[in-house]
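Asks: Dumping what TrEMBL says about this protein:
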type: DOMAIN; residues: 11-91; note: domain 'Shikimate dehydrogenase substrate binding N-terminal'
type: BINDING; residues: SER19, LEU20, SER21, THR64, ASN89, ASP104, TYR214, GLN242; note: shikimate binding site
type: ACT_SITE; residues: LYS68; note: active site, proton acceptor
type: DOMAIN; residues: 111-212; note: domain 'Quinate/shikimate 5-dehydrogenase/glutamyl-tRNA reductase'
type: BINDING; residues: GLY127, ALA128, GLY129, GLY130, ALA131, ASN149, ARG150, THR151, GLU152, ARG153, LYS154, ILE212, GLY235; note: NADP(+) binding site
type: DOMAIN; residues: 235-265; note: domain 'SDH C-terminal'
Amino acid sequence: MIDAKTRLYGLIGKPVEHSLSPTIHNTLFRKYSINAVYLAFEVNDLESAVRGVQALGISGLNVTMPYKEQILEFLDRLSKEARAIGSVNTVINRGGKFIGYNTDGIGALKALKRFTEVENKNILVLGAGGAGKAIAYTLSSLAKVVVLNRTERKAKELEKFGVKGEELSKESLEYYLSWADAVINATSIGMNEDESPITKELLRKNLVVFDIVYSPLETKLIREAREVGCLAIDGLWMLIYQGAESFRLWTGIKPDVEFIHKVVLEALKGDGQSI
């Protein structure tokens, strides 16, 4: 029941209508008897939105595309990981001070480790945006990581983490796919069901293919990877693990990820997505 003591959490980004985060967090608030609600806000003017959030005393935020990097300048403090990565996807209001964290990297790592080995593997990351940077940073201490990005400068910036960064081209993609044990699509290509960052001909059976896009759940990349016989990991488990970590940061409670998975599958079925 919403009352005068109900705390407000939210998601800011553009677009946000596809997000499962409100379903996840509102269900968790009910499960753990927390007097709070979570809403999604489509934001056109980030500075005005953040100032409004601060003025209203909203308890916490998730941040999604395209604002994960832009929001840094409006925060009071950053976690070690968020500062290193230069990207924030979780914000906590702690006594009026807004602190930025990044749970994308740990979410991706836990999703990968659920299905395959990570240590000492060759991992290719496509995209050096907010999510791509977080994933490269987190994996760099465990695996050999190469990042390909359309803008070479952004890829090269990640070399401070001990990863190799290069421009994404047909030649570089083909070369590093032959080197990789696993490839992670950390771009938004795939949200359109007819697009994939990798042509089917470049996939091979012993390649692990992980697409962080979860809407649609089966992207063209995931569908074609399964057809080739790859171990294909969709974006659902990364969403679940990074959401669980955000919830823990806000509440101090480590939620049941199997419960979250069940909730998310039911929500996707309700939206008519095939599971």
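Positions of Cβ are set from backbone N, Cα and C atoms, glycine also.
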Asks: Sequence gap of 6 or more, Cβ distance under 8 Å: name the residues on the same chain that satisfy this around LEU20 (shikimate binding site), in order along the sequence.
Replies: TYR214, SER215, LEU239, VAL264, ALA267, LEU268
Asks: Restricting to the domain 'Quinate/shikimate 5-dehydrogenase/glutamyl-tRNA reductase' (111-212), report the mean pLDDT as a whole number.
Replies: 95
Asks: Pick the one among the binding-site residues ASP104, GLU152 whose Cβ has the fewest other Cβ atoms within 10 Å in this structure.
Replies: GLU152
Asks: Near ASN89 (shikimate binding site) in space, meaning Cα within 10 angstroms, which of the binding-site residues do we find among GLY127, GLY129, ALA131, ARG150, GLU152, GLY235?
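Replies: Candidates kept after distance check: ALA131.
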Asks: Which of the recorded positions listed here (SER19, LYS68, ASP104, GLN242) have a Cα atom within 10 Å of the Cα of GLY129 (NADP(+) binding site)?
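Replies: Checking Cα-Cα distances against GLY129 (NADP(+) binding site), the recorded positions within 10 Å turn out to be LYS68.
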Asks: Looking at the recorded positions LYS68, ARG150, which one has the fewest other Cβ atoms within 10 Å of its own Cβ?
Replies: ARG150
Asks: Give the sequence-ordered list of residues that share a chain with SER19 (shikimate binding site), lie 6 or more positions from it, and have CB atoms under 8 Å from its CB.
Replies: LEU11, GLY13, ALA40, THR64
Asks: In angstrom units, rounded to an integer, how far apart are the Cα atoms of SER21 (shikimate binding site) and GLY127 (NADP(+) binding site)?
Replies: 23
Asks: Give me the DSSP three-state residue breakdown of the domain 'SDH C-terminal' (235-265), ordered helix, strand, coil.
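Replies: Result for the domain 'SDH C-terminal' (235-265), in helix, strand, coil order: 25 helix, 0 strand, 6 coil.
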Asks: Max Cα distance spanning SER19, LEU20, SER21, THR64, ASN89, ASP104, TYR214, GLN242 (shikimate binders), Å?
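Replies: Those residues reach a largest Cα separation of 16 Å.
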Asks: Grab the NADP(+) binding residues from the record (GLY127, ALA128, GLY129, GLY130, ALA131, ASN149, ARG150, THR151, GLU152, ARG153, LYS154, ILE212, GLY235) and give me their largest CA-CA distance in Å.
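Replies: Between the outermost Cα atoms of GLY127, ALA128, GLY129, GLY130, ALA131, ASN149, ARG150, THR151, GLU152, ARG153, LYS154, ILE212, GLY235, the distance is 27 Å.
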Asks: Report, in whole Å, the straight Cα-to-Cα distance of the residue listed as 'active site, proton acceptor' from GLN242 (shikimate binding site).
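Replies: Spelling it out, the Cα of GLN242 (shikimate binding site) and the Cα of the residue listed as 'active site, proton acceptor' are 14 Å apart.
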